[in-house]
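Peer 1: For reference, Swiss-Prot lists these features for the protein:
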- 30-50: transmembrane segment (TRANSMEM)
- 74-96: transmembrane segment (TRANSMEM)
- His80, His179: heme b b562 binding site (BINDING)
- His94, His193: heme b b566 binding site (BINDING)
- 109-129: transmembrane segment (TRANSMEM)
- 175-195: transmembrane segment (TRANSMEM)
- His198: ubiquinone binding site (BINDING)
- 221-240: transmembrane segment (TRANSMEM)
- 284-304: transmembrane segment (TRANSMEM)
- 316-336: transmembrane segment (TRANSMEM)
- 342-362: transmembrane segment (TRANSMEM)
Amino acid sequence: MKINNSLLNFVNGMLVTLPSSKTLTLSWNFGSMLGMVLIFQILTGTFLAFYYTPDSLMAFSTVQYIMYEVNFGWVFRIFHFNGASLFFIFLYLHIFKGLFFMSYRLKKVWMSGLTIYLLVMMEAFMGYVLVWAQMSFWAAVVITSLLSVIPIWGPTIVTWIWSGFGVTGATLKFFFVLHFLLPWAILVIVLGHLIFLHSTGSTSSLYCHGDYDKVCFSPEYLGKDAYNIVIWLLFIVLSLIYPFNLGDAEMFIEADPMMSPVHIVPEWYFLFAYAILRAIPNKVLGVIALLMSIVTFYFFALVNNYTSCLTKLNKFLVFMFIISSTILSWLGQCTVEDPFTILSPLFSFIYFGLAYLMLFIFMSSKLLFK
């Protein structure tokens, strides 16, 4: 289908005439679902921003005002809150699919995707703080203070982010502005991610990404993606029946700078990294391990000599990695006591061991199977 308009031609190339492998499975739908959820979050978040006041004395009460006084404000708040969890569910599925099918061989796609992941984690953390509840306030204190480990400039950076010597209303305004602006930067990188992906074509379940036996994306796959409707219906129903099951009870208590919660726990999608941070008693080493738990995957783009002899081994290692990540997430929400303090370092070691084992094996695969 030939279209003269350049913009429509670009969209047509993305959604209609895109050459797609005949062997794609439903796991290739995670990316399109992520795009829809991102737009959904931007729309609901913009509505909430109309009524939110980034002030330390009014932030918590304006959230309650949105819930009880604004027409359908509770719907937007609940959908935005649970939409973040839906986004991270598909984001982790998308990443694990990429590891499973070795998508890191598409270097630009992989690097841009990981950058999106890091920015989304920052975005979610700042949105978590905006509620200005007891748990989110102390999470902001703990996480931002980790930047003090940066040599020379660390304490200055922390003071700059806090806009003073502690987390205050100025910090809240800083986070609100960034939380509002960052999604637009994420959208730009997502566009670059799509351009990089569609310039080469994605990998397939046969571990190849050449122009072999391909079909147009529409109507073959556009029709198959209709199961997204079921996902959205489930999301709406579960959000209305269990609106705050993925949250913490401390999020219904207004922030009190004079009294910290008994047990500080971040949102579930940060728990694996939080468990790794707590597993190391040294602050500097803990922060380095926290960063490396994500940054390590940038090095997977160095893999360029893949051999098909290792597909079964790769599947096994990825499954083990998923299991270790899940256990770390469970340990992250447990209290700091035995046996959890013993298990956290153990599974942190397994997490990094599996990641670097995959990296080493696939980087040296051609040498191993000459």
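Glycine residues also receive a Cβ, built from the backbone N, Cα and C atoms like all the rest.
Describe the structural context of each listed feature in the structure shown, including burial, neighbouring residues and relevant distances.
Peer 2: Sequence-distant neighbours of the transmembrane segment (30-50) (same chain, 6+ residues past either end, Cβ-Cβ under 8 Å): 66, 73, 76-77, 79-80, 83-84, 86-87, 90-91, 93-94, 97, 127, 179-180, 183, 186-187, 190, 225, 228, 231.
Counting every protein chain shown, 22 other Cβ atoms lie within 10 Å of the Cβ of His179 (heme b b562 binding site).
For His193 (heme b b566 binding site), the same-chain residues that are 6 or more apart in sequence and have a Cβ closer than 8 Å to its Cβ are Val109, Ser112, Gly113, Ile116.
Away from its own ends, the transmembrane segment (109-129) comes close to residues 45, 84, 87-88, 91, 94-95, 98, 103, 136-137, 139-140, 143, 172, 175-176, 178-179, 182-183, 185-186, 189-190, 192-193, 196-197, 200, 202, 266-267, 269-270, 294, 297-298, 300-301 of its chain (Cβ-Cβ under 8 Å, at least six residues beyond either end).
Below 8 angstroms of C-beta separation, residues 14, 35, 38, 41-42, 45, 49, 52, 54, 109, 112-113, 115-116, 119-120, 122-123, 126-127, 129-130, 140 of the same chain, each at least six residues beyond the ends of the transmembrane segment (175-195), sit close to that stretch.
Packing around His198 (ubiquinone binding site) is summarised by its Cβ count: 17 other Cβ atoms lie within 10 angstroms of its Cβ, all protein chains included. According to its DSSP assignment, His198 (ubiquinone binding site) is helical.
If you look at the transmembrane segment (284-304), the same-chain residues 6 or more away from its ends with a CB under 8 A from one of its CBs are 95, 99, 102, 104-105, 107, 110-111, 114, 117-118, 121, 146, 149, 272-273, 276-278, 348, 351-352, 355-356, 358-359, 362-363.
Only residues 6 or more beyond the boundaries of the transmembrane segment (316-336), in the same chain, are considered here, and those with a CB under 8 A from a CB of the stretch are 96, 99-100, 263, 265-266, 268, 270-276, 278, 343-344, 347-348, 350-351, 354-355, 357-358, 361.
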Peer 1: List the same-chain residues at least 6 positions away in sequence whose Cβ sits under 8 Å from the Cβ of His80 (heme b b562 binding site), in sequence order, or say none.
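Peer 2: The answer is Gln41, Thr44, Gly45, Leu48.
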Peer 1: About how far apart, in whole Å, are the alpha carbons (Cα) of His94 (heme b b566 binding site) and His179 (heme b b562 binding site)?
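Peer 2: That comes out at 23 Å between the alpha carbons.
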Peer 1: Sorry to bug you, but what's the C-alpha spacing from His179 (heme b b562 binding site) to His198 (ubiquinone binding site), rounded to the closest Å?
Peer 2: 29
